Amino acid sequence: MIEENKHFEKKMQEYDASQIQVLEGLEAVRMRPGMYIGSTAKEGLHHLVWEIVDNSIDEALAGFASHIKVFIEADNSITVVDDGRGIPVDIQAKTGRPAVETVFTVLHAGGKFGGGGYKVSGGLHGVGSSVVNALSTQLDVRVYKNGQIHYQEFKRGAVVADLEIIGTTDVTGTTVHFTPDPEIFTETTQFDYSVLAKRIQELAFLNRGLKISITDKRSGMEQEEHFHYEGGIGSYVEFLNDKKDVIFETPIYTDGELEGIAVEVAMQYTTSYQETVMSFANNIHTHEGGTHEQGFRAALTRVINDYAKKNKILKENEDNLTGEDVREGLTAVISVKHPNPQFEGQTKTKLGNSEVVKITNRLFSEAFQRFLLENPQVARKIVEKGILASKARIAAKRAREVTRKKSGLEISNLPGKLADCSSNDANQNELFIVEGDSAGGSAKSGRNREFQAILPIRGKILNVEKATMDKILANEEIRSLFTAMGTGFGADFDVSKARYQKLVIMTDADVDGAHIRTLLLTLIYRFMRPVLEAGYVYIAQPPIYGVKVGSEIKEYIQPGIDQEDQLKTALEKYSIGRSKPTVQRYKGLGEMDDHQLWETTMDPENRLMARVTVDDAAEADKVFDMLMGDRVEPRRDFIEENAVYSTLDI
């Protein structure tokens, strides 16, 4: 025992300064890249591009750049070109090195700190250039400034050679070229053109008049897009409403500046029942909203009510319209430019500056009041839409109260057809929404009763894209789902109260099954989106074929692009000697017994499930409206354009 204590004492004495590791320069970034770019997966890889593009956008925000070009090179490296002033090349006092070298080799170096470089910056932390350098096998920068072309190259963050002049020029700007390091990005170093193009288009909308393009030079993937919107966020609203019926043609656009904070709002009403409000702060999409949205919402509600009362559209003794009423069918984009944005929330995408509430409120109120006075016909349409929404809300409230009395939107009154699980651990619990009573019966028998619950639904549920709130709440199947999930509804919705953290849609592998799946996804997207954003929603992948030898099923074939190849391979595999394999086609879940359903579709050890995510809310909104909304023409166009890829289930 004494010997052990002596040994312990010796170990303690050895813990001295020599044991402390100091990470020099950009070594810390390479050691812990996730701290700087979020992850080393696909999202983090694309974040490298945004760090460099954001620097060019900063030049545009400051009024010095008008054209940005992004290239995915043939070798999958990235080049970003802008026509700004060019990164400074003179000696930086603190480091004694050229400023451009400092920007790419020293963390927190750049024109974004201290207010001397940029009035407003798109960057969250100003470490972008050096982080990209640290996480690239090679990076080079060309600065076009003062009639000269300055060039410097780096490898994994380290300087290869001093800054040099390699030519003359009559233009200004900066060109950055980098190759992501596969030692860091072990999952993939392949850039996704569509991911880059969507964000680049968004930046073009948010920066009126800016020209920004993306070009893919990779073999077999060559494509190019140019974005330029003189209408700015007004054009963005038109883009979002492209497939919708609008109640007035030209979006309302307002802009203003107060206390150094610039506010832009564009909005337009549609005939739909859904609200689409997107907000941005310094070009960063604030998915979680924030103080700019608060100010906008409060002003919108107050101004519409004031106008309605003053013009006798609403009587003095009538209740005011609520925020929910005046936002029904609204599509709006809010963009603020703030010299010192504060971001908070779970994903740091919520604007927290308290002063922005009153500034947005005041600037938007003044402009919106003026618009309503100058456009009385449009103003009346807006108010009347709000009044209709109010009537539907009151009817929905009555329906909700009746529903609570009859079957309850309360957890204590779970729907009768729900076969619940015994576990109370939401983290492991799974709710399967199953098409039809027959399959529901098999699923109930075959499941693991400890953590798997079954909710059968009959037929096609209501298309919520075309329905008012009172009709939605009157639908028994929809009510059952909300009650089973335990999350509440509407303003009371709380994803933290979800009783299951896997919500699995399990429908037949035919056209009807696909339709039911789409209806359920529409419902979840419109009224349970936090469940979707939390990653709780899955689609079961039941087999489409079973390969039998005699009476025994040897292999199941899952649906997918290569399903016919899988089937062909399986048939060849089991065509041995005299045995002749046969194919069983599963059109419905009810064609499988409980054991088969468990083995192929529900057993966590064997099953395949597709998780449903929302990477692009604006695009998702447009697609749901096109597929499920009132307008037939966009849906017909989509079917005609994509029919060649469809499989008919006859």
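Positions of Cβ are set from backbone N, Cα and C atoms, glycine also.
Features as listed in Swiss-Prot:
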BINDING   GLU435, ASP508  Mg(2+) 1 binding site
BINDING   ASP508, ASP510  Mg(2+) 2 binding site
DOMAIN    429-543  domain 'Toprim'
SITE      LYS460  site 'Interaction with DNA'
SITE      ASN463  site 'Interaction with DNA'
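Neighbours of ASP508 (Mg(2+) 1 binding site), defined as other CB atoms within 10 A of its CB across all chains, total 22. Classification of GLU435 (Mg(2+) 1 binding site) by DSSP places it within a strand. Looking only at Cα atoms, ASN463 (site 'Interaction with DNA') sits nearest to GLU435 among the binding-site residues GLU435, ASP508, ASP510. When the Cα atoms are compared, ASP510 (Mg(2+) 2 binding site) and GLU435 (Mg(2+) 1 binding site) turn out to be 12 Å apart. LYS460 (site 'Interaction with DNA') sits 9 Å from GLU435 (Mg(2+) 1 binding site), taking the C-alpha atoms as the reference points. Within the same chain, residues at least six positions away from GLU435 (Mg(2+) 1 binding site) with a Cβ under 8 Å of its Cβ are PRO456, ILE457, MET506, THR507, ASP508, ASP512, GLY513, ILE516, LEU589.
The local packing around ASN463 (site 'Interaction with DNA'), expressed as other Cβ atoms within 10 Å of its Cβ over all shown chains, amounts to 16.
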